[in-house]
């Protein structure tokens with residue numbers, strides 16, 4: 001009767017270890033582990049935090065569930081179900097607040113993207129994340145290409161001596177299917193051109209409105225994913241609570 005929760009927790013634990021391993025490896029490659037204080041030096045968001053936090057939470061959940069089921073430890077099983085319940089409640093609360101305060105969420109997303117635009121050249125992982133986002137949603141900046149004025153390398157001020165002045169990253173460029181090799185200089189001087197000409201060489205729509213459009217077009221899929229995750233969490237809580245009841249029932253007969 002203990003096999004289902006034990007295997008579910010074991011898979012969660014191994015997945016958590018994998019995420020943690022990837023995160024720590026990435027930090028080691030960037031020299032963060034040899035200088036812990038550098039974690040807070042990055043002005044923008046470090047994507048490695050996603051792997052470390054998610055991996056850490058999954059490892060704790062998996063460890064509590066697996067050991068709790070293996071050793072019939074009701075404290076660990078209750079911890080597993082309560083922790084999972086808290087995560088479920090926080091996800092539900094975040095979903096409701098995001099629906100109610102849509103404008104506030106949009107403002108925060110705008111602030112978040114622009115803050116990371118400033119730190120674009122500071123971290124290779126952040127740079128790759130921004131490039132992937134702009135390529136995937138075919139967008140440039142938070143609300144438009146001019147948001148790249150916030151970056152010291154791409155702004156159009158006279159004092160900017162960078163070759164990328166008044167340009168955008170290559171991920172903002174419209175793609176030519178005939179080109180096999182990415183032209184990393186395609187965004188140079190792009191914002192010095194008239195707006196009509198800009199639309200030919202770069203994406204002029206911002207990532208916030210493009211994300212909103214993508215969300216509306218894929219609402220069913222996104223909702224299905226969230227419902228699936230919620231059902232898995234509820235299933236895990238029920239399994240843990242059922243196991244606790246079985247263990248306590250057996251102990252009551254001693």
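Every residue, even glycine, has its Cβ placed from backbone N, Cα and C.
Predicted, not measured: the structure shown is a model, and the values here were computed from it.
Residues or ranges marked as disulfide bond in TrEMBL: 139-172 (among others).
What TrEMBL lists as disulfide bond is 140-156 (among others). Listed in sequence order, the residues of the same chain lying 6 or more apart from residue 156 (disulfide bond) and placing their CB within less than 8 Å of its CB are 149, 165, 166, 191, 192.
The transmembrane segment annotation in TrEMBL covers 7-28 (among others). Counting same-chain residues at least six beyond the ends of the transmembrane segment (7-28), those with a Cβ under 8 angstroms from any Cβ of the stretch are 34, 39, 48-52, 54-66, 68-69, 80, 125, 236, 239.
Residues or ranges marked as transmembrane segment by TrEMBL: 48-70 (among others).
Per TrEMBL, transmembrane segment is recorded for 82-101 (among others). If one looks beyond the transmembrane segment (82-101) by at least 6 residues along the same chain, the residues whose Cβ comes under 8 Å of a Cβ in the stretch are 57, 60-61, 64, 226, 229-230, 233-234, 236-237, 240.
If you look up TrEMBL, you'll see 221-244 (among others) marked as transmembrane segment.
Taking a C-beta cut-off of under 8 angstroms and a sequence separation of 6 or more, residue 139 (disulfide bond) has the following same-chain neighbours: 133, 172, 203, 205, 206, 207, 209, 210, 211. Counting every protein chain shown, the Cβ of residue 140 (disulfide bond) has 28 other Cβ atoms within 10 Å.
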